[in-house]
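If you look up TrEMBL, you'll see 1-143 marked as domain 'Major facilitator superfamily (MFS) profile'. Per TrEMBL, the feature transmembrane segment maps to 5-23, 29-50, 62-80, 86-108, 120-142.
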Amino acid sequence: MALTAFIDFVGIGIIIPIAPFYAEHFGATPFEVTLLFTSYSLPQFLLAPIWGRISDRRGRRAFLLLGLSGEVFAYLIFAFSNSLYLLYFSRALAGSLSANFAIISSYVSDVTSEEQRVRGLGLIGAAVGLGFVFGPLLGGLLS
């Protein structure tokens, strides 16, 4: 699970340094660049609790795979976008499918004993942190 969290947050982090330049390439104003980040965060904020609730009922593995594969698809759309609107769509799609942190945390809570839960959640937190270290670094190298 820690590897899944790491990969997920590397993907999120890669976009951070690239997105402003990519959006400006399509003539985006600074405000429109800000909207590019909002187009990810708002759907994530609204839908992550719903995905979490569904994964509680239907199982976590399928929704982790859906989230990761959907984010990969959204990142590919982002990479091959030919308009600002397609960038917005790809970010909204990625945000809509990005509930992995909540699902991973729930999974760790499900499979660990009470004594090991803090350690398990700590490993997930460390993986997220490392993902946010290496993601923007890779994004900066690519931009």
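Just so you know, the numbers here start at 1 and follow the chain as drawn.
Even glycines carry a Cβ here, placed using N, Cα and C.
Source: prediction; values computed, not measured.
Scored on C-beta pairs under 8 angstroms, the neighbour of the transmembrane segment (120-142) with the top count among 5-23, 29-50, 62-80 is 5-23. Long-range neighbours of the transmembrane segment (62-80) within the same chain, counting only residues 6 or more positions beyond its ends whose Cβ lies under 8 Å from a Cβ of the stretch, are 4, 7-8, 11, 14-15, 22, 51, 54-55, 86-87, 89-91, 93-94, 96-100, 103-104, 107. Using DSSP to sort the residues of the domain 'Major facilitator superfamily (MFS) profile' (1-143) gives these counts of helix, strand and coil: 127 helix, 0 strand, 16 coil.
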